[in-house]
Amino acid sequence: MPSEINKGFQTANPEFIFKKLLNAQEADLAMIAGYPADARKPHPAMRSQEPVQGTVQKAENVALGMPTEMKTKAWTKGDLAVDGDLQTCVTSSSNRTGWWQVDLLSSRLVYFMEIHLSNHFSRGRVGVYVSDYIDSFWGKPCTRLPASLKRSKFICDIQSSGRYFGLINKQGQITVCEVSVYVCSLHTFGEYCSSECACADPEELCNSVTGACLSGCRDGWTGDNCSLPCANRYGPACRNPCGHCYGSRACDHVTGVCRHGCAPGWKGSRCLQACEPGSFGSNCLHSCGHCLDEAVCEPESGDCPWRCQPGWSGSRCDAECSTGFHGQNCDFACGHCRNGSVCLRSTGVCSLGCEAGFEGLFCTKACISGKWGPDCRNKCGQCLHRRCNSKSGECELPGCQPGWEGPRCDTECSSGTYGTNCSKKCGYCQGACMPLNGLCSAHCSPGWAGSMCLDKCSNKTYGQDCALSCGHCAGGQACDHISGSCPGSCASGYHTRFCHIRTKGFSISHPNLVVMLIGCMVIFTATIGSVIVFLLVRWRRDNQHGVVDKHPQPYKQTVV
């Protein structure tokens, strides 16, 4: 036995002894099987020193109540050591050798033992024997322990089987209070036989100590005792790798099912199927966003490989453009849409048209000079410099061209005005004057003359077109240019309002008759004079051509 175990014996610590014996047993079994000792370590569940409360124990104490023998003075039986009562003990005779033995009635594979000794006698070491022969003490003990040990849990150094189980102290007496010999039920192994065999062949009985299987492990299990679940693998002999489980978790080591779902980009119960184009995420539950040119997003993250379709943004192109923005990745601000409306997120077009002062498909272009209003559909009025406000249409200072008025210079001058901003008044026209230059479009009112009808009749005339002459006003004064009446009295010899009728003699009832008579006289005089002039000229011409020169002068050439 190793020296380290001997030290444990000296401390009389049962748990220490049990652990060391168990390790030694494992090491021996591993060497026999040809595997390193570490590779033969049992499942952690086998390491517990006591049965787990509430579990079904599959270890059986086959020594309880079985026939015993013990060397005493009377060669009495040692039944008190297998009666289940720790308070009852038996002691061998006081000679040199003390021993105790129990008959298990059939050969059994001993898994582990629990022995309660009295420490009244502490000399020597106790050997533990398991054999199919009644004289079991002639063979090799399965293990040894100090006689001073009061209580011990242990297994044999090598796997042992037999009908007879015995204890012997060749150096003195032995006092035994209770002995329990445990064997495992079928298809169980490990400490307290608390682990079930996991062999590929369900009929195989695994090693009751190590749990090793000749047929290999059942699906999903591995290790020397087939108690270790497959690590990131599943199925027979753990030959199948797990799929793409969520969070890099392991799949079910038996079925390969990912119980927490799939990693992004994969689907199926075992997460072995890649997402179909157009879907992404865990179990492929999400659809791709609006990637440019209908590109397929990344199956894991959902990110678009290039850019977004117009009107969408974000790495996944699943966020619609904020109000007032449009285009790829929402990089562009909307133009000046009418009535505060927003453009279409995909195209940037203002569906209701442009607000006043802007035009174009995106309503980003200001009106050119000479236009104004929504979509720049209106032309500026008769502005002096041909420029108006692009939003309101109002003309810039100094205002309108001659003949127009109003904020937009789109209204002709009202009756009686003309010129720039219609700031001037028309003359005395019959009807309206021309708004551009103030010229009267028809005749002047009586008493006025000139192109703009702003001149009073002169040269003692009056009336329509100043065609009438004034009468004989006192002092040679001119008559009123509109009515023809004299401002004061008439000249001597004339009377009436217009002073054109003589007091005595031929009376002319109306001033127009005087004008007519004077006109007739002038025409008659001019006609007579013209006839006389014509006759004189003709007579003179006839007298000059009446004498003919009978001797013409020779032709003379003049040299210049």
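Every residue, even glycine, has its Cβ placed from backbone N, Cα and C.
Taken from TrEMBL, the feature domain 'EGF-like' applies to 229-272, 283-318, 320-364, 375-410, 412-454, 465-500. Residues annotated as transmembrane segment in TrEMBL: 513-537.
Each residue of the domain 'EGF-like' (283-318) gets a DSSP state, and the totals for helix, strand and coil are 3 helix, 6 strand, 27 coil. Residues of the same chain lying 6 or more positions beyond the ends of the domain 'EGF-like' (229-272) and with a Cβ under 8 Å from any Cβ of it are 200, 216-217, 219-222, 280-284, 298-302. Taken as a whole, the domain 'EGF-like' (375-410) shows an average pLDDT of 87 in this prediction. No contact links the domain 'EGF-like' (412-454) to the domain 'EGF-like' (320-364), because fewer than 3 Cβ pairs that are 6 or more residues apart lie under 8 A. According to DSSP, the domain 'EGF-like' (320-364) comprises 6 helix, 10 strand, 29 coil. Taken residue by residue, the domain 'EGF-like' (412-454) breaks down under DSSP into 0 helix, 12 strand, 31 coil. Counting residue by residue with DSSP, the domain 'EGF-like' (375-410) contains 0 helix, 9 strand, 27 coil.
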